[in-house]
Amino acid sequence: MKMMSTRALALGAAAVLAFAAATAHAQRCGEQGSNMECPNNLCCSQYGYCGMGGDYCGKGCQNGACYTSKRCGTQAGGKTCPNNHCCSQWGYCGFGAEYCGAGCQGGPCRADIKCGSQAGGKLCPNNLCCSQWGYCGLGSEFCGEGCQGGACSTDKPCGKAAGGKVCTNNYCCSKWGSCGIGPGYCGAGCQSGGCDGVFAEAIAANSTLVAE
């Protein structure tokens, strides 16, 4: 009995340590993370962690592709979604496969716009990412590995701590030396890139590069 209790305690301690380690390496954001925004338009949860899904994009979501209860599409007289969200086949605004996948009525639908090498080098509108499969959108599957153009993600350091390196895609180099978008990167202390709202202007300018 004593041996079982000791083993149970050991397993419990290991689980706690593993959870703590995972939490320590999770990217912080929002109020809990110096008002930093998440990369790739990931959602910042009410607890200040970046991710996708209901736990991050649902109730309390602080920034990124937060879910909304707004109606859109044919179910709402043809209304479109704010913040470049997708309008699902059921007429709700959001982000992810259930909104941007089959039946998507508007926004950065996955099969809506082709780009990159699969489309003769065409660029995506509004600085959306062109995925390795040649479709425009936002999120890690579009802006992560294999991204061909647009606001592709980068984990590269920048600024003084990185020998004066600048961020790609006109991303802002924060005062902490990391690339990203939003007040935490482009606001006070921004070292280079689209500081103080210049990024928004760059996106607007890039929107003229829509493929016909």
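Note: Cβ is positioned from N, Cα and C throughout, glycine not excepted.
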Which candidate, C167, C190, C195, does Swiss-Prot give as the disulfide partner of C179?
C167
Partner cysteine of C72 (disulphide bond, per Swiss-Prot) from C57, C86, C87:
C87
Could you pull the disulfide partner of C81 out of C86, C93, going by Swiss-Prot?
C93
Look at the disulfide annotations in Swiss-Prot and name the partner of C38 from this list: C43, C50.
C50
Count the Cβ atoms, other than its own, that fall within 10 Å of the Cβ of C61 (disulfide bond), considering every protein chain shown.
19
Neighbour count, 10 Å Cβ-Cβ cut-off, for S88 (substrate binding site): what number do you get?
27
Which ones are near C93 (disulfide bond): of the disulfide-bonded residues C86, C87, C124, C152, C190, which have a Cα within 10 Å?
C86, C87
Quick one: which of these binding-site residues, M36, S88, G94, have their CA within 10 A of C66 (disulfide bond)?
G94
Fewest other Cβ within 10 angstroms of its own Cβ, chosen from the binding-site residues G91, G94:
G91
Could you break down the residues of the domain 'Chitin-binding type-1 1' (27-68) into DSSP helix, strand and coil, giving a count for each?
10 helix, 9 strand, 23 coil
